[in-house]
């Protein structure tokens, strides 16, 4: 009798165990999906540029409160912008191989929950930055609106120059870091914005060349779709040359020293080298290689900026 009861309970026990396993594995997946919506790797890069802006804003070490609250606030706002981008692009994402598996595109997270999540991050970030100063709070909010609304809703679908115009919002973090520490605008901070702004088109156009068919299928007027791949390659090369010139400005204005001049020149020449290969070498892999190099290029460029600043501070 006991044996038969045990056998009879086996399916129930198995079901309970399966349910427990499902619950234990589904929760981490949900949290991973929410994290995915914030584009953590992109946010990390933005925070690095913001941190460099903070450090360059003052001769010595910036105030701990400004650094901590500034990075948290800018991070929350950047994550909110990314999450709003997921919400607004959820239908478009289903048509592209690069984005079809995103949480909202796959229906793993309900739209209203994503909106609440993004709104919460936005409000928290704004309040934290207000604790520092109103200028940083409102500039960061303007950047969020510029990316999540102006770029995602309008520019992305309106013009092949979407990346150029919309790049202003993505180039703001160094300025935001600067104002978080000083509470005021400075021409040197705008130079940092110019660096990221000039870097943005060749970075994204290299990706757009690699994913041209995806963008064409989704009806997004990226430059390779509207003007062709060869024209876009030429523009990538042109912008890398422009970036080399803009990259000299921090040294020419006395903002940075010789360490930066050498480091940035080598990095920018490397970018030009990749752009030349992209333009003249007959290989489909060069677009992706150029895109990957551009990521490390920006990270290294800002590390060189920071290193030069600290070396100069120690010497003088």
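Count begins at 1; order follows the chain as displayed.
Cβ atoms here come from the backbone N, Cα and C positions, even for glycine.
Marked as compositional bias 'Polar residues' by Swiss-Prot: 11-21. What Swiss-Prot records for 1-21 is region 'Disordered'. Residues or ranges marked as transmembrane segment by Swiss-Prot: 42-62, 67-87, 115-135, 136-156, 163-183, 189-209, 235-255, 256-276, 295-315.
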Candidate ranges 67-87, 189-209, 256-276, 295-315 - greatest C-beta contact count to the transmembrane segment (115-135) (under 8 angstroms): 67-87
Contact call for the transmembrane segment (42-62) against the transmembrane segment (163-183), three or more Cβ pairs under 8 Å: yes
For the transmembrane segment (67-87), sequence-distant contacts whose Cβ falls under 8 Å of one of its Cβ atoms, 6 or more beyond its ends: 37-40, 42-43, 46-47, 50-51, 54, 93, 102-104, 111, 114-115, 117-119, 121-122, 124-126, 128-129, 131-132, 136-137, 140-141, 143-144, 147-149, 152, 169, 173, 176-177, 180-181
Residues of the parent chain within Cβ reach of the transmembrane segment (136-156), under 8 Å, 6 or more residues beyond its termini: 70, 73-74, 77-78, 80-81, 84-85, 88-89, 122, 125-126, 129-130, 162, 165-166, 168-170, 172-173, 175-176, 179-180, 183, 220
